Amino acid sequence: MGRTSSTKEDAGALFHSLRSAYAATPVNLKIIDLYVGFAIFTALIQVVYMAMVGSFPFNSFLSGVLSCVGTAVLAGKSNFLSPLFAKDLPPERAFADFVLCNLVLHLVIMNFLG
Amino acid sequence: MAAPETSTAAVPTLYTNNTLRNAFGGVLSFFILLLIGVMAFSIRLFSVIKYESVIHEFDPYFNYRVTQFLAKNGIYEFWNWFDDRTWYPLGRVIGGTVYPGLTLTAGTIWWLLNSLNIPLSVETVCVFTAPIFSAFASWATYLLTKEVKGTGAGLTAAALLAMVPSYISRSVAGSYDNEAVAIFALIFTFYLYIKTLNTGSLFYATLNSIAYFYMVCSWGGYTFIINLIPMHVLLCIVTGRFSSRLYIAYAPLVVLGTLLAALVPVVGFNAVMTSEHFASFLVFIIIHVVAFVYYIKGILSPKMFKVAVTLVVSVGLAVCCAVIAVLIALVASSPTKGWSGRSLSLLDPTYASKYIPIIASVSEHQPPTWPSYFMDINVLAFLVPAGIIACFLPLSDASSFVVLYIATSVYFSGVMVRLMLVLAPAACITSGIALSQAFDVFTGSIKFQLTGASSNTEVDAAETSSSTAESQTDAVKTEKPEETAKNRPSRKSKKKEREHGEKPSTEAKAEKKRLLALPLESSVISLLLLVLLGAFYVVHCVWAAAEAYSAPSIVLTSRSHDGLHVFDDFREAYAWLRHNTDVDDKVASWWDYGYQTTAMANRTVIVDNNTWNNTHIATVGTAMSSPERAAWEIFHSLDVKYVLVVFGGLVGYPSDDINKFLWMVRIGGGVFPHIKEPDYLRDGQYRIDSQATPTMLNCLMYKLSYYRFVETDGKGFDRVRQTEIGKKYFKLTHFEEAFTTHHWMVRIYKLKPPKNRIRGKTKKSKSKTSSTTSSPKRSGTKKKNPWQ
């Protein structure tokens, strides 16, 4: 029917526009995206491993998964929110905050790993 | 310092004027804050002055004992401590079941002071921890309210919090309980959250997580934070206030906060498994979805975005429904839907009274009465609505958080009187905002009327620093358009420094000022009335602190025509126990006195205030409600040597064990069905006079309370129940009286050892009916008594 084909056309056009818009983002941000994707992929692998092998010791599993999610969150915010980012913080300050937060996160992770 | 001089619109002089004024304001607010801290500390010292520097109530004695252990043995022993002197024979794992924040804080202060060669004892540090942290809490309130509305509101809110009676009641000197540090941690965490929301800096987000960690260490009420913040994030998303600052404020907090909460042993894996935390994870997912949607919206054209929306909605909805159905099935399979008993009783106030009598019996868990609102937050009760309205003019992220905080805390305070404590900071913040706005309007009108509308710069120079910032940013807001169309105009999206160089259009400002100015007389009178209101508040708070909330409850006083009587019976009894019994003797009493007995008498107890094991408490309750022989059997099976009973009939002390007896029957009857409450009731009431039921007159609690009571005045008149007792002359066959204190308030009995030789035939059936007081067999009872 005309309806479904127009929907399919729309879907195709949508993917094209998405891809072209994404290709237009600067290379730095795409690298950060890759890093975020890798972190989430690592978390998913850990979840699948836990599903296969069992969840003991639970604290190690938790700390592993949450460390991946945490780094994804911290790194991804700058790219994810680029349309909305209020540029009122100087980039050095933002980077220093990022390093500090990562330090605290990994300190807690290593303590919790058991 | 040059005197501020009026001038025409010469910018450099105005600049100097404003900086001088701001510097003066800064120094003044510093000294005001210092005085507020001193006042918060001093108003809590009434009990130390009136009585002595002693630890109050029941729970603080446990915290004191734990702190003593920590100070003596160090932190590794503390984490691994298994306490075998309580809940005999079960013991209690202290390291895993206590919220360590308070004890670690006090232990650290003690260690620091002693390493500086200031030899304060552990008791002194414990007694004065609460007033010190209340001073910190009022400073934290200043910081929080300054982020929401400005310095004036901050100072007012801090002054209100330093004195509010609800907070005083739980943080008076000697009340060494979790709330003493937890309220400071709560306010400080909220301050850091608002600061992150305003500045968008990850540094404050990290500090926020660390402050949240301190809160989790300190109090079980941390679940309030981890549910309020997601609620606020959801509110911001729904009202269209999503921004990168919101994401930075929330997402790192969830990840880091959950990890840090799981580090505390008492929370452990509950941080990811119980329903109390699910809200935060749900909103975590939602905020990522929303951020993704905004991202897509930003890079696509509008037509393509519509297509994407229809596609995603049709496909995603089906997937979402499947996932939610699975989740609901998982959660519904557990009987309490994954919530703990205490949290459930918060959501459904009738839950505890139906299912968990222990939670229902604690006096702090009862709903408050209407007068207690006026007693505890006084004048703030009707300043709060004005503050809520002031938060809406204009609405920012921070002020919407304050409105949400006050709304939820009012609901929870209505469920449990103990949670009035969480309402107190919210009430102080909103009232501070209201009072400060009112003062601004009145003083602005007065100055406007006095100096006339001739020169705007004069009015500028004469304004206080807070109203300067307020009116300037107001004018800035109405004139400058925002960068993107998505963000609502928010005052806090810019840094909040004094924008001296900017001159907003003077005409708009003058017009606004003229419209807002009130007549001079009404402004002056209103100012005076507001100050009078503050005076009433101060008078009430000082009275409440001195008279109502300073009683240590371990020492009682009463005034009579011949002077002041001091009732020190509790300490007398515990000292007798400490000096006249063996170290390994076990003492049985109702669970209220467990902590005090272990801390002061240093003896092993059967049950204490932690009430984690309902069956064990029911065992003691059953023993107290049974006749002598059955009770002796129960206590003998628990290796008990001494039984402690609190009796107020001679002096009129109303919180004695006979008044608590109904809970012993109910809790005991909940586990052992042979204890039936109607057996003890006559016409639906518990009575101890001649109309009492025979079960009541024969139970252990009655006998231990009224043994030899008739010798005091010949008639056996109970001053609390206001009647003569029913059975006056009786002997005890399985117990013997060991000690009775001076005012008969605490009575200690010793179990008689079992007979060595059984008179008569040595058959088992005979030994059951040996010559002791016959336990009245309840005729027709079908339930087997497991203790016989």
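Using N, Cα and C of the backbone, Cβ positions are placed for all residues, glycine too.
Automated prediction, rather than curation, is the source of TrEMBL annotations.
The following features are taken from TrEMBL:
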TRANSMEM  B:23-43  transmembrane segment
DOMAIN    B:27-429  domain 'Oligosaccharyl transferase STT3 N-terminal'
TRANSMEM  B:93-113  transmembrane segment
TRANSMEM  B:125-144  transmembrane segment
TRANSMEM  B:150-168  transmembrane segment
TRANSMEM  B:180-205  transmembrane segment
TRANSMEM  B:211-235  transmembrane segment
TRANSMEM  B:247-272  transmembrane segment
TRANSMEM  B:278-296  transmembrane segment
TRANSMEM  B:308-332  transmembrane segment
TRANSMEM  B:379-407  transmembrane segment
REGION    B:459-508  region 'Disordered'
COMPBIAS  B:459-475  compositional bias 'Low complexity'
COMPBIAS  B:476-486  compositional bias 'Basic and acidic residues'
COMPBIAS  B:496-508  compositional bias 'Basic and acidic residues'
TRANSMEM  B:524-546  transmembrane segment
REGION    B:755-788  region 'Disordered'
COMPBIAS  B:755-767  compositional bias 'Basic residues'
COMPBIAS  B:768-778  compositional bias 'Low complexity'
COMPBIAS  B:779-788  compositional bias 'Basic residues'
Leading contact stretch, B:23-43, B:93-113, B:211-235 vs the transmembrane segment (B:379-407) - CB distance under 8 Å: B:211-235
Positions on the same chain near the transmembrane segment (B:211-235), where near means CB under 8 A and six or more residues out: 99-102, 104, 178-179, 181-182, 185-186, 188-190, 192-193, 246, 249-250, 253, 257, 260-261, 263-264, 267, 276-277, 279-280, 282-284, 286-287, 342-343, 400-401, 404-405, 408, 412, 419, 422
Result, the transmembrane segment (B:150-168) in contact with the transmembrane segment (B:23-43) (3+ CB pairs under 8 Å): yes
Ranked first among B:93-113, B:150-168, B:180-205, B:278-296 for CB pairs under 8 angstroms with the transmembrane segment (B:125-144): B:180-205
Reported mean pLDDT - the domain 'Oligosaccharyl transferase STT3 N-terminal' (B:27-429): 87
Spatial neighbours of the transmembrane segment (B:150-168) far in sequence, C-beta under 8 Å, 6+ residues away: 25, 29, 32-33, 36-37, 39-40, 43-44, 134-135, 137-139, 141-144, 183, 375-378, 380, 420-421, 423-425, 427-429, 431-433, 435-437, 439-440, 464-467, 469-470, 537-538, 540-542, 544-545, 548-549
